[in-house]
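Novice: What Swiss-Prot records for 45 is active site, proton acceptor, and it gives sequence analysis as the kind of evidence. Taken from Swiss-Prot, the feature NAD(+) binding site covers 45, 46, 117, 118, 147, 155, 158, 159, 160, 161, 162, 163, 182.
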């Protein structure tokens, strides 16, 4: 007989998530992350992203249950907790590779971060951002004027990217979305779909008069002068989903939401 998986239950600070964790720990035990087989994250998408950033290097599959305001990356939480082991056994994996971001700031400092949804550059003041865009070392947009620009993964393409009129990308398509944010010039440019291995470089053309910040998921860095982005070849995380509502189907269905 196969032993049940050891589950590490993580919860957001929200009261419903904390209460659910207490019940689940009482039912299934409390296993430390380093000796667990599966991570169960209780909260919303923000907490899921936090979990991936903090524990993605552990290579433990993550099964999320929605106990927050937004739950695109989560499964539904069910009051019948006894069916959790069956759900985990039937769950389908979705493999995500984050974006790797490297930043140079106006002060000369360097920084880096990962993003599972998107990396977005935004103007810091009332002045529009002036940016250049290089792809694989070739300048494609010499000067983009607008509120900013972003690079989104397929998993993140239904979030901020879609709100900025970017394309929804199928999971497993090995593509990225390059999407301008409120572009003024060139006005007709609406972005591009890139191969996942494309090296993207943004340069801020007037960082003193028109300062720009960059955010990788929730990690913000201000006063940047250059940002390089590419998909990670080293890091991959596994999310688990109920087969009747897997991530691939959710992304596909978003294209027909009205």
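The backbone N, Cα and C atoms fix where each Cβ goes, and this holds for glycine too.
Note that this is a predicted model, so its numbers are computed, not measured.
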Novice: What does DSSP call residue 158 (NAD(+) binding site) in the simple three-state scheme?
Specialist: coil
Novice: Provide, as an integer number of angstrom, the distance between the C-alpha atoms of residue 147 (NAD(+) binding site) and residue 45 (active site, proton acceptor).
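Specialist: Roughly 25 Å, rounded to the nearest whole number.
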Novice: Cα-Cα, whole number of Å: residue 45 (active site, proton acceptor) versus residue 158 (NAD(+) binding site)?
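Specialist: Roughly 12 Å, rounded to the nearest whole number.
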Novice: Would you find the one among the recorded positions 45, 147 whose Cβ has the most company, meaning other Cβ atoms within 10 Å?
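Specialist: For the recorded positions 45, 147, the Cβ with the most other Cβ atoms within 10 Å is 45.
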Novice: When you measure from the Cβ of residue 158 (NAD(+) binding site), which residues in the chain that are at least 6 apart have a Cβ under 8 Å away?
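Specialist: Residue 158 (NAD(+) binding site) has long-range Cβ partners 72, 168, 250, 251, 254.
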Novice: Measure the Cβ-based neighbour count of residue 117 (NAD(+) binding site), defined as the other Cβ atoms within 10 Å of its Cβ.
Specialist: 27
Novice: Does anything in the same chain, at least 6 positions from residue 160 (NAD(+) binding site), have a Cβ under 8 Å from its Cβ, and if so what?
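Specialist: Listed in sequence order: 117, 118, 120, 150, 152.
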Novice: What is the number of other Cβ atoms found within 10 Å of the Cβ of residue 182 (NAD(+) binding site)?
Specialist: 15
